Ligand code: GLU
């Protein structure tokens, strides 16, 4: 059974980039006769707001982006994530990390667009050092990664390879405030919610090898991946909440109907050959992933207009 997912973080209203990702996830799942799961990624208690959760669900409904199961809330699943941590811990794969934000910043200088690779500072602390530091600071928890290369055959980006040690380093599974990290939660949820198709922005492509590694450790299957281009503003900056003209509120003012919004995004991104108003159901009849891929001039970014 093909199962896709919408996985919004409820830290604001939707914008064109979120709609594009959700539309693609929906088309890929529905075209294969599959289902879509709605999962609310609300682990960041400070930034997630109940009013955004409601607004996002209303916006999906308004746009005709239906889901078949859920919503599931990550904030309800902390025990499940903690159990996986205990399992990894008992196998000696985790270690406490006492680095502050400033330490992390000082020990790695990522180039623009690259993520910081953890230098491994806390990996080899002695038991005594750990105990001493734990008295002054709550540690975060990291997963020690091997110098192994993981490869994903992405439906849009092609083959992507990353050596875990060089490309990401030991990564967080739990923050120092106790919140479980995105990488861990997403892997457990994708597996337990039966997700076989992950469609999301290309900014998460470099997280995929970490997720494949965690899936192997926890005995889960690998879903299929499709990482789609980001919608960018004028200066090659990805769209964000700052870009008011791409917000759902502005899109409703500008286009008036959900079909006109969906049609515009489908035309701009190559989902459809033209930008005539269309409901997701209308696009489904002619959607073809290979044709969409062939129409993409740049698989990494598309200028928002
Ligand atoms: N919650 C993430 C977001 O809204 C998506 C994570 C994922 O698709 O794996 O950007």
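Using N, Cα and C of the backbone, Cβ positions are placed for all residues, glycine too.
In TrEMBL, annotation is done automatically, which means it is predicted and not curated.
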Given TrEMBL lists 5, 6, 7, 8, 9, 41, 182 for L-glutamate, the same-site residue among 58, 174, 200: 200
The annotated motif ''KMSKS' region' range in TrEMBL, which must be one of 228-232, 233-237, 238-242: 238-242
For the L-glutamate site built from 5, 6, 7, 8, 9, 41, 182, 200, further residues of that chain with CB within 8 A of the site's CB center: 39, 40, 186
Secondary-structure category, per DSSP, in which residue 122 (Zn(2+) binding site) falls: coil
Residue distribution over DSSP helix, strand and coil in the motif ''KMSKS' region' (238-242): 0 helix, 1 strand, 4 coil
Which of 5, 8, 122, all binding-site residues, has a Cβ with the fewest other Cβ atoms inside 10 Å: 122
Candidate with sparsest Cβ neighbourhood (10 Å radius) among 7, 97, 99, the listed binding-site residues: 99
Cα separation, residue 241 (ATP binding site) to residue 41 (L-glutamate binding site) (Å, whole number): 17
